[in-house]
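K.L.:
TrEMBL feature annotations, pasted as is:
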| type | residues | note |
| --- | --- | --- |
| TRANSMEM | 29-51 | transmembrane segment |
| TRANSMEM | 63-84 | transmembrane segment |
| TRANSMEM | 90-112 | transmembrane segment |
| TRANSMEM | 124-144 | transmembrane segment |
| TRANSMEM | 177-197 | transmembrane segment |
| TRANSMEM | 209-230 | transmembrane segment |
| TRANSMEM | 250-271 | transmembrane segment |
Amino acid sequence: PFGNLSDCPNGSRWIMDVFNECAQDSRDVASIILGLGSIACFIAAAFPQFYQACRTGIMDQALSIYFLLGWLGGDLLNLIGSFLADQLPLQVYTAIYYVLADLAMLSLYCYYRLKNGGRAFPAPINAAFVFLSVGSLSSLSLLGSASTEDPGTFKGRSLLSAPGDELGPKPFSRTEIIGFTIGSISSVLYLCSRVPQICTNYKRKSTSGISYSLFALVMLGNSLYGLSVLLKNPEPGQGQGDYILHHLPWLVGSLGVLALDVVISFQFLVYRKGRPAALEERDALLGEQDES
């Protein structure tokens, strides 16, 4: 069976069966529920931007390509690092959805850039896009094959340690060190990805073409994600500080970007009456001519 309840005394059967994760008390169950809530927020976050892009047709002007590439790069490294560093199963599942949503967002961006007759991307951006796309698809296929071949290894954390273990630091394995390093780079990319979008909004003096619901839901999702990790009980024999240390890059990546998302939220307030984009001005003029 996917989950072995004998390794998790007094654990929730449905959580073990569905997520292969040990939840023995209300704190663990709350962690699972918050994690599911964060996934729901991230799933819902992309759709308002897709609608806004189709309605205005200026997604290529409103969003920074560096913001999207940085976001995809951070999510890809987050996925690989979460798997290698033995993170919570919900963290891995959430990371998989991140990558898929980013690829869809980038595809829509490229579509509107071509439709609006935009200039071709410079060679470095094209190379980065191809590299990240191929890397994302390769990582998803490898993770999928790994979980299919040996489902018992795809559980994110050890379900049980020996009860007699002394409370103390849990040593990092070599694979976890690699995953921890990749997760740290992912956090840096998350933080850096917001800067180009902040600069783009500032230069345009407008947030037209961007859905604020995207950032609002991402902020909520990141908050729930961080709380779900913090609420989870450490493994038997592991101290709270050591548990946080093992999850630190992912906590920084989720909670650290909240400050920059607050800056973007402030831009939405300041530029809510900003100049419309060129395409919207043209549509307005054409509408006036039709009426006359």
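Every residue gets a Cβ built from N, Cα and C, even glycine.
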K.L.:
Could you tell me what the rest of the chain brings near the transmembrane segment (29-51), counting residues at least six beyond its ends with Cβ under 8 Å?
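P.N.:
Distant contacts of the transmembrane segment (29-51): 12, 15, 19, 21, 23, 59, 88, 90-91, 93-94, 97-98, 101, 104-105, 108, 210-211, 213-214, 217-218, 220-225, 227-229, 231-233.
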K.L.:
Cβ pairs under 8 Å only, please: of the recorded stretches 63-84, 177-197, 209-230, 250-271, which one is richest in them relative to the transmembrane segment (90-112)?
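P.N.:
Checked against 63-84, 177-197, 209-230, 250-271; highest Cβ contact count belongs to 63-84.
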